[in-house]
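Annotated features, as they stand in Swiss-Prot:
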DOMAIN    21-101  domain 'GST N-terminal'
ACT_SITE  Cys33  active site, nucleophile
BINDING   Lys60, Glu85, Ser86  glutathione binding site
DOMAIN    106-234  domain 'GST C-terminal'
Amino acid sequence: MVLTGVTSKAIRKGDAEPPLSKGSFRVYNMRFCPWAERAMLYVAAKGIEAEVVNLNVTDKLEWYWTKHYQGKAPAVEHNGKVVIESGFIPEYLDDAFPETRILPTDPYEKVQQKLLADRLTAVAHAVPLLFAVMRDRTLKDEKQRKVFEVLKQAENLLANDFYAGSQPGYPDYLSFPFFEKIWWSASLDGVVDLPTIEFPGEEEYPKLTKWFQKMISSDVVQSVTQSLEHGAAFMNAYATHQELNYDLGL
């Protein structure tokens, strides 16, 4: 995999659009956004040579509105065409670069993996519960019960080493960023009672713990992810409405 610009500083309102040479592939990213990380993981897993442009999505770029009507990340650009939304980008990438296809070509198997990814969106919905606790620690017991339920459901859905089977695939790459955000939250004092080492816990979630360790240590994830320390700090700042440092850790 060849990703350049992963650790580049975020561009913001007033910055010029970086030139993109013909035939080049670009990912517009926000380093701490789980939705953007979905696209980054998929690009990395497919081994696409890509330039990464990190964005400040608070102080939005004027010209970026022509790429994404909401000014959000992620977006991918290739040969003058822009595709947005983390739920659509993976399928586009599989169709545009079929030689490294991740989703199965068999119609039935493809639908099964998409359904599994859809069921795992419950993990994404758990993240805002932790934002609420970051703002008010008295909500911890109430919110973490719901998080634990979601993790148990995810544990029960894991029938193999990975959600896609013997190797990580579509449901793994689309769900991992949200498990990671729960892991980040676990490192903050008083937010959720989960370990950061052997996350989310071998006793309660043995299959999920092995899965997470395999994912977090993989070359694909390591090529795009942020550290536990910086990720947790950014999450806390976002949840508590502090000024956001999009270049944290650079």
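Backbone N, Cα and C define each Cβ position, glycine as well.
Same-chain residues at least 6 positions away in sequence with a Cβ under 8 Å from that of Glu85 (glutathione binding site) are, in sequence order, Pro74. For the binding-site residues shown (Lys60, Ser86), fewest C-beta neighbours within 10 angstroms: Lys60. The separation of Cys33 (active site, nucleophile) from Lys60 (glutathione binding site), Cα to Cα, is 15 Å. Across the fold, the C-alpha of Cys33 (active site, nucleophile) and the C-alpha of Ser86 (glutathione binding site) stand 11 Å from each other.
The binding residues for glutathione are recorded as Lys60, Glu85, Ser86; their greatest pairwise CA distance is 19 Å.
Broken down by DSSP into helix, strand and coil, the domain 'GST C-terminal' (106-234) contains 88 helix, 2 strand, 39 coil. Averaged over the domain 'GST N-terminal' (21-101), the predicted model has a pLDDT of 97.
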